[in-house]
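For reference, TrEMBL has these:
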COILED    227-379  coiled coil
DOMAIN    410-530  domain 'ABC3 transporter permease C-terminal'
DOMAIN    815-930  domain 'ABC3 transporter permease C-terminal'
TRANSMEM  21-46  transmembrane segment
TRANSMEM  410-431  transmembrane segment
TRANSMEM  455-478  transmembrane segment
TRANSMEM  498-523  transmembrane segment
TRANSMEM  576-597  transmembrane segment
TRANSMEM  806-829  transmembrane segment
TRANSMEM  864-886  transmembrane segment
TRANSMEM  906-926  transmembrane segment
Amino acid sequence: MFNKALIKDTLREIWNTKSRFISIFAIILIGVAFFSGLVATSPVMIETANNYYNEQNLADMQVISPFGYTEEDIDEFSQVRDATVDVHKTVDVLDDENRAFRLFGYSEDHELNDYLVLEGRLPEEPNEIALDSKDDFLQEFDIGDTFSLETDASFDNTANVNEEEFEIVGFVQTPMFVEDETRGTTAIGAGVLEGFGVVTEDVIDFEESNLVHLKFDELSQGRDVYSEDYQNEIDNIQEEYEDVFNDRAEERKQDMINQAQEELDEGRNQIQEAEDQLEEGRQALEEARTQLDQAKEEIGDQESQLQAAAALYGPNSELVLAGQAQLEEAQNQIQEAEDEYESNLAEFEEAEAEAQEELEDARAQLEEGEEELAEFEKTNASMFYNTSLDFPGVNEYGENADRIQAISRVFPVFFFALAILISLTTMSRIVNEGRTQIGTMKALGYNNTQISAKYFTYALLATVLGGVIGLPLGFWLFPTVIVNAYEAAYQLIDAQISFYPGIAAIAFLGAVLATSIATFVSLRSMVKENAASLLRPKAPKSGQRIFLERISWIWDRLGFIQKVSVRNLFRYKGRLFMTIIGVAGGVALMLTGFGLYDSIQGIGELQFNEISNYDAISVVDTNAEEDQVDEVEDTISNSDLAEDFIRVSTQTMTLQDDQTDQELSLMIPESAEELEDYMELQDYDTDERLALPEDGALVTQKIAELEDISIGDTLILEDYEDQEYEVEVAGIVNNYVAHYVYVSPEYWETVSDEDYDFDTRLIRYNQNAEVTAEAEGEFEDQLVDLDATLAVNLMTENLQTVEDSLSALSTVMVVLILSAAILAFVVLYNVTNINVSERVEELSTIKVLGFFDMEVTRYVYRETFTLSIIGILVGLIFGFFLHQYIIETVELNYIMFSRTILWPSYLYSAGLMVIFSIIVMVIMHFKLKSIDMVEALS
């Protein structure tokens, strides 16, 4: 097929048209790199996370018992399923800055959730701690510093910890907390965990372990925690454990109640025994007093008898003297008994006072114990199950990977398609320009296969080179940049770059197939002609009147050059459409990138500053005493920061569906009218503000889209007790984070006969108050310290959380925008270069006619710029719809991005293409200057 002359001719063709060859190479490289890189990013993210989880032995399931585990419980954990079982002690404490930390007891025997030591080492002594490696703590502490617990808290913060100060010996991370900022919730402090610490196990003063980690043997091989199979299996396993252990917590609670009751009964018995002993001592003293009084009476009688004997026998008679001696001896004995009684009485009274004080303390302790037991009896007797996806950040990271995957299903396809389309145009032009040469080759005896081989080689060489370089570049560049962007929000290992044969095959073969088809289509009709017809120049297109010529009042006002430009625009329709399509595609992709950035960046502000007009939420314990709840409301009312609040009932409901059940929050305000000051409920279609209806519910837009809900539909809501409620949809409102159903109290009374409590206070700040982080923190602490407060949630923190979770995705959008901009520039350069190359004779002619270089450039670029403007307008329209399609694809179930593209994004997209057009014009100007008029016209 190939001979030396054909090979040399092919190489000469590449050299003579190197700018086109390079443009095909560049476009294929960019297209293949972007397609393969972005499509591979989600698998790289998943693989990186799974490698980290497997290296650190992430547990498949965590089970927390508020009552601890017996040896029997621990043995049974490994009997339900074959599993590695790790038992731990853990306790939540406040540090001296009132930040909540979770302490984990560490032992070398632990096999799961290994700690990755970033600095220093793990603790070896009771007074040592390895601290969370969050950036804030790395900046605040150094190894060797002291980490202190709060000893002056409103509760006994250190009751279950044997140490109050620790020396920091290391900084660690754990797969239980992969998100950099989020550590979960707690029942102490502000209700949010700020970090964790690792201490030796004997520091935590629990008799029994209260945390179990499980890793199941059957799931360990090639474990992918984000796969559907894994998630389904782990859900099944959790149900099995719940079936086995559901009653265990209640039994354990009852055992503890019985034990505590026995201790209380024993305390009562001891108090009773002490009181009985006091009573016996008191009775003994009273009997002694009685005996003394009787003895004194007897002595008195004896003294009277002695006086009578003395009167009868005389005072000196032996009988009287003997009686006097006996009387004096008895009096002495009585006096001694009296003294002993007084001494015993004093001792008894002193002992009784001490005993009564001890008894009062014992009674107080007993009463306190009874109250604690009564409170303990109210506690939820449940074990808390968390799968690996429930660990803070694990599921969120997977959702981010899903977002990237959703983008990669759409964006790269358009990107790649545009690159292929321009490559097709370039190859078609190369073949058409080689018409005469093809005729010469035919005349020299080359067959159609040999002639075609030259152009296929040309196309495939550029494509293969672009693909070979683009694939590794894409597989490395895009996953690295995007995964590294997520490393700012997640504590994971570096990106695990891999080669994905399936993705590579699609990208590479797609590019090869596209250029091959383009070459085949261009050659098919040409190689069928004979050599004579090919050696003759192709007849130029006949001139035709264009539509604009029929509008005389416009056409007559155009100058000669303007008329020529307009005629040229419509004369070469292929060039017109390719320029418009190329520019429109580039602008559309850039606008989509800018629009996605707008949509992602804006939802926090829209949700927490425009829809939610309240600034904080306080959740109260509806089982608390009335005066305790009043204390919460008084604290809000008396705060300098807060202006007002409204009582609201919030209930978690499940929307029953044929395929999947969606969780949502049911919100019932105490006053439907007052809610309007706290919530901006706007119709999703017209943005008209809606009031809570008395005959239906308002549903948020995202859940309505997911479940195809329309106004007038009836929803079936199910609460945690499996009680079902039917509500009619009266309106659909804007919302961006989570799903809500809003109903008025009047309407809910028609739906349900059940009583409900207003467990939430929506709080608005005073507009004149100075709202600072310190002021909000102080206000939050005041509410958290109250007995009836269950949780406090600040909208500023929610806003920051949403922005942090989407910050890495914003980086992805920047990558998309830059990639689209590069492609747009290359596309514009390519179509302009083709335009100039195919008009060399025409441009040489106008040069001969006396046009200066700048006039020639304006002559050419007047057409190109006009088509670019048309392409920009078309691209902005197409980009709007492409953005709408992609944004709906990227969204997850619980979140809705803004559907609005801000006007600066239109300006940036159009402006960049105009700038690219000017740059290309400057480049083409020098090319036009270098045209040799004589050679071109010869």
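Backbone N, Cα and C define each Cβ position, glycine as well.
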*asked:* I'm a bit unsure how to read this: which one of 21-46, 410-431, 576-597, 864-886, 906-926 has the highest number of Cβ pairs shorter than 8 Å with the transmembrane segment (455-478)?
replied: 21-46
*Please work out which recorded stretch in 410-431, 498-523, 864-886 has the most C-beta pairs separated by under 8 angstroms from the transmembrane segment (576-597)?*
864-886
*asked:* Counting a contact as 3 or more Cβ pairs under 8 Å, with residues at least 6 apart in sequence, do the transmembrane segment (498-523) and the transmembrane segment (906-926) touch?
replied: no
*asked:* Below 8 angstroms Cβ to Cβ, which residues of this chain, lying six or more residues outside the transmembrane segment (864-886), approach it?
replied: 406-407, 410-411, 414, 565, 569, 576, 579-592, 595-596, 599, 828, 832, 835, 899, 901, 906, 909-910, 913-914, 917, 921
_Intrachain neighbours beyond the transmembrane segment (21-46), with Cβ under 8 angstroms and 6 or more residues off its ends_ = 14, 224, 226, 397-398, 400-402, 404-405, 407-408, 411-413, 415-416, 418-420, 422-423, 426-427, 458-459, 461-463, 465-467, 469-471, 473-479, 482-483, 486, 495-498, 500, 503-504, 506-508, 510-511, 515, 816, 819, 822-823, 826-827, 829-830, 833
*Please indicate, using numbers and ranges, the residues of the same chain that are 6 or more beyond the transmembrane segment (906-926) and have a C-beta under 8 Å from a C-beta there.*
583, 586-587, 590-591, 594, 821, 824-825, 828-829, 832-833, 836, 853-854, 857, 860-861, 864-865, 868, 871-872, 875-876, 879
*In the domain 'ABC3 transporter permease C-terminal' (410-530), how many residues does DSSP call helix, how many strand, and how many coil?*
99 helix, 1 strand, 21 coil
